[in-house]
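Annotation comment: TrEMBL describes 142-203 as domain 'RRM'. The feature region 'Disordered' is assigned by TrEMBL to 252-271. Under the heading compositional bias 'Polar residues', TrEMBL lists 253-271.
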């Protein structure tokens with residue numbers, strides 16, 4: 001048995017294709033409300049996409065239970081799969097509801113705020129071009145004050161007509177960097193926003209292109225500033241780990257093997 005509500009299905013396994021075809025082609029008077037058809041996982045996946053969303057930019061400190069607790073307000077969730085790709089410092093999730101109405105709002109609403117973090121959302125039934133369009137018009141807002149979270153910028157970017165704002169996290173400390181990616185739904189809206197001078201918490205912010213991200217100082221967020229000569233550089237910096245992503249996953253207990261209880265049991269037996 002899989003799914004729930006209108007999406008509930010009973011999957012029956014047969015020893016032969018002939019037995020399956022006989023079941024599908026026969027009338028079952030004892031089950032008048034059931035419809036039997038050949039099981040096609042690809043078709044089921046396509047139908048499921050009509051009720052599913054893809055959630056991205058999920059930090060490691062947000063767990064599956066947190067997502068379930070937040071997204072259940074939009075409808076009854078039948079499944080939630082949280083995962084991260086190799087070397088990615090954030091996670092993504094596929095959330096499936098029991099009814100397509102639950103995701104209707106995300107045609108116009110591109111993001112939600114959960115634990116002060118902007119989580120971007122794309123309906124799973126979108127075409128490749130539709131999904132790409134949600135990442136097409138992005139600008140960077142640089143020289144942010146320290147420790148600014150996505151939710152802090154939400155009122156500002158909302159007034160600019162932006163659809164989402166994401167402050168990237170440092171790979172080593174997992175603290176917010178000094179710039180943000182601001183997503184728009186059109187070139188005109190983005191151009192109009194970038195013509196404005198933005199002030200935030202006493203700081204004048206500057207617009208830039210995402211192509212210049214590798215030229216931004218990770219200490220102050222200024223374009224062209226060399227981190228080694230940045231006025232904010234501390235005399236003693238933190239040592240860097242060889243595999244920062246693995247260190248992050250260990251820190252937040254993401255995809256970590258379960259610890260054996262044998263040592264604990266042995267310790268108790270000796271006490």
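Using the three backbone atoms N, Cα and C, a Cβ is placed for every residue, glycine included.
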Counts by DSSP class (helix H/G/I, strand E/B, coil) across the domain 'RRM' (142-203): 18 helix, 16 strand, 28 coil
Mean predicted confidence [pLDDT] for the domain 'RRM' (142-203): 95
